[in-house]
Amino acid sequence: MLGLPGEMQYVPGIHSPNEGPRPMTIQRKQTREVRIGKVRIGGANPVVVQSMTNTDTRDVEQTVEQIRQLQEAGCEIVRLAVLNEDAAWAIKPIRSQVSVPLVADIHFDHRLAVSALEAGVDALRINPGNIGTRAAVDRVVDAAKAHNAVIRIGVNSGSLETDLIDQYGGPTPEAMVESAFRHIRMLEDRNFGDIKVSLKSSSVSRCIEAYTLLSAKCDYPLHIGVTEAGTVLRGSIKSAVGLGVLLWQGIGDTLRVSLTSDPVAEMAVAWEILRSLGLRSRGPEIIACPTCGRCEIGLIALAEEVERRLEGETESFKVAVMGCVVNGPGEAREADLGIAGGRDKGIIFRKGEIVRTVKGGSNLLAAFMEELDTFLAHRRAERKDD
């Protein structure tokens, strides 16, 4: 019998409401494994986080500095724009100063791909819509073979081949997939299999459909992303929706969150997407209630200060900052460190045990920060002993 609208229904054989929380599991599609530098992608390897510098690649010092910032923030593969020969050869001194794998982003001129490989890049991204003739692609493939480099076939709906636009009536998901397969066949014809594929669009729904179609038809590793997603707020939302849907289906071996911002800002969003799906974790998870009329402590300031204090932490643990007695004690007990607010007081938990009760709202922030500092000191000491 159907219940009232909005009433939760128990479906036999699905999940009993008395079973408690069931761990979220995602069955990732098994793709071929390739290696970019020292980073293995595809196969049984975890989803890898990528980004792209927005510096002038010819400015070696500035580019190296941004790569280091990206790496510190959690970036595992970095792509560089190669607009001309000077940019291609700038990769050589850049390569000597950074350890993260580098990908050269190539458009229009296949000779730049060859130069970038000779300069030491680990992989290429070529755009089927503008890389040139079959002969040009063949030369790129031969150079990639010689340097043991991966080639990403990077299809973009904004630069799709004109004949496919005409054939499909626009940059449809089907046209994007056909573009990818056209170039996959070119590479396979030269016995080249170190291939990765991406199908990017600024349309979330088009991205999802294109990647879903492609994933069903090939087992090459996929780099997923929503291109030209926008500024931090809108871009983060579009990326979270698009990438989240794909990752939930098990699709995606590397990802990038594309934001109109400092590329370092992409890292936090990318890692939170992975954390939210239980795929990977980096740094602390902060749980905080949205506040309501029951909240009787200065929760917003407390949560913001906790977040600020934990910037730069890379170890994974859970902190709960809760404002009232409804959900607060339960969430705080489950966290490594947590606080549950009450009337002009707060109860601080560590690993489920009450370690401190603080009276007076003005003392709450200072007391919790003391406990947080103690907790972090213990964590660091444990790491040092290991």
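The backbone N, Cα and C atoms fix where each Cβ goes, glycine too.
Feature list (source: Swiss-Prot):
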- Cys289, Cys292, Cys324, Glu331: [4Fe-4S] cluster binding site (BINDING)
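Secondary structure at Cys292 ([4Fe-4S] cluster binding site), taken from DSSP and collapsed to helix, strand or coil, is coil.
Summary for the binding-site residues Cys289, Cys292: the Cβ-based neighbour count within 10 Å is maximal at Cys289. Sitting within 8 Å of the Cβ centre of Cys289, Cys292, Cys324, Glu331, and not among those site residues for [4Fe-4S] cluster, are the Cβ atoms of Pro290, Thr291, Arg294, Cys295, Leu299, Met322, Gly323, Val326, Asn327, Gly328, Gly341.
Under DSSP, Cys324 ([4Fe-4S] cluster binding site) is assigned to coil, being neither helix nor strand in the three-state scheme. Around the Cβ of Glu331 ([4Fe-4S] cluster binding site), a 10 Å sphere holds 20 further Cβ atoms from the protein chains shown. Packing around Cys324 ([4Fe-4S] cluster binding site) is summarised by its Cβ count: 20 other Cβ atoms lie within 10 angstroms of its Cβ, all protein chains included.
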